[in-house]
Amino acid sequence: MLKEKDTKDSLLGPSISQEKQTLHIMQRPTPPEIPWVTTTNFHSLPTPAPSPQLFPPVNAEGFPPSAQEEFSRTVRMGFQNMDNLQRQRLLAELLNSCNTEQLVFVSNYISPRLKRDFLKDLPIELSLHILSFINDPKTLSRASSVSKFWRSLLNDEFTWKNLCVRHHFRRRSSAVPELPPSPTSESPSSRSNKFSYKDHFRRRYIVESNWKHGGRTLVTHISPDIGVVTSLQMCQSYIVVGMDNKKIHIFDVSDGKYIKTLSGHEGGVWALQYIDEVLVSGGCDREVRVWDIDTSKCKHILHGHTSTVRSLKMKDKTIAVSGSRDATLRVWNIEEGRLLHLLAGHQASVRCMEIFGDIVVSGSYDCSARVWDIVTGECLHVLQGHYSQIYSIAFDGEKIVTGSLDSTARVWSRQTGFCLGVLQGHTSLVGQLQLHESILVTGGSDGAIRIWDLDTNRCVQHIAAHDNSVTCLQFDEKRIVSGGNDGHVKLWDIETGDFIREMTSAGNAVWRLAFQETKAVVLLQREGKTVMEVLDFDAQES
């Protein structure tokens, strides 16, 4: 019966109970999937590729973009597909539609993007070449604050070397180390021992500023003796002062302190010179004395002149030449204390002389100058042309310049003895001369200073310097310092001839002056007393 019923049910379709059971099964929740287990007995079928689907665009947050974002995207893509002219037209139309606030926003947004470091975009060689045209160190200092790259460029040694050349900040040492090619080529430790043009420029710039605007009085000496200063020499170690009261005073050049006094002359000292520790002096007692500065001892007393020794020059520590009012010059071996040559020929007092190598030139009150070979004692040339006494002379080995009471200076050739030019302009005695390369500076009793270019024999600057005679002067590539009988010591710009300032308070008369890179010495009469002031312009101490 059961079989028949089952057969009948199968033929007639499912029974009601079966339908309920089927419905119950269909409503039952689906069990969780069991992960695949890979075995060696079954091979997995290949998974069919997924059907392609279209995903709508999303914004940065992962949501579909809004209508505004979709519009911005469309405009941006359209802008990118335009050519340059179309882009410019669209931007112009957009900017014309903006109000002031929006234009300010655009300007502030664009400005930083338009900034460009042109030095960084160029090759380093061109960048350094551009910087070489900047002549103002303050501008370079400000430029070094622009960026790290600019600072690295401005630390380059060649930039500062060029600036040193343009400002005439020459090195005092002859030994020039090799420069690094760039500021990054060597480590700081390997460059620390090398010469730095940047440091050199900085120090020289401060020294120049001190010269122009201040400095300080290092020391002031007031002589207890009444006397006139006749001679002065300032070198690396000593300041040596000769007086007409028979004394020679020696001071330390570094701090200006008094060291010692050399006594021995029986008359006023009118000429002196020292090299290293050897000092030679001459004066009214007609003697030439050779001193050892270290021991203060007089090594030799050289006799022979019959009148005041008025001029004296040393070739080296062995040879010296003296000129006297007896119209002669004498060449001495000061190491052995003996006469080598008597140079006779002048007819009047030998007033001045200069020496260069084995040649000495002398100027005399007989209106002539003479050129001598100190090795042979031979007179090579007689320079005639002045019609009054010669009081001053300068000589650089090639050109000889003489200054005369006839108010002119004359330029001569050492080789031929011919007159190369007559320099006219002073109205009185040309008593002061200094020559360096092609530049000659003259000072006269008319109170004037004139600067001459000896390549053309033309006066390039005329300075009305003093109210009375110019008693002393010295110049270098930057400045002229002059002293006069009016008691003033003045500083001048040698390129322009402009007055810069008074170097010290005025006195009654200025006897002598001398200066080096960072120091100056002035000897003058003030309130009836002889005063020596040592002025300091050092960058490290001012």
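Cβ atoms here come from the backbone N, Cα and C positions, even for glycine.
When averaged over the domain 'F-box' (116-163), pLDDT in the model lands at 74. Per TrEMBL, the feature domain 'F-box' maps to 116-163.
The region 'Disordered' annotation in TrEMBL covers 175-194.
Taken from TrEMBL, the feature repeat 'WD' covers 262-301 (among others).
The repeat 'WD' annotation in TrEMBL covers 302-342 (among others).
Here TrEMBL flags 343-382 (among others) as repeat 'WD'.
Sequence annotations record features per position, and here TrEMBL assigns repeat 'WD' to 383-413 (among others). Sequence-remote contacts of a segment are chain residues at least 6 beyond its ends whose Cβ falls under 8 Å from one of its Cβ atoms, and for the repeat 'WD' (383-413) they are 348, 351-357, 359, 361-371, 419-424, 426-437, 440, 442, 444, 446, 452, 454, 457.
Among the features that TrEMBL reports, repeat 'WD' is placed at 423-462 (among others).
If you look up TrEMBL, you'll see 463-502 (among others) marked as repeat 'WD'. Using a Cβ-Cβ cut-off under 8 Å and counting only residues 6 or more beyond its ends in the same chain, the repeat 'WD' (463-502) has close neighbours at 168, 170, 208, 211-213, 428-429, 431-432, 434, 436, 439, 441, 443-451, 508-515, 520, 522, 524-526.
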* Asked: Mind checking how the repeat 'WD' (383-413) divides into helix, strand and coil residues in DSSP?
  -> 0 helix, 19 strand, 12 coil
* Asked: Quick one: DSSP breakdown of the repeat 'WD' (423-462) into helix, strand and coil?
  -> 0 helix, 25 strand, 15 coil
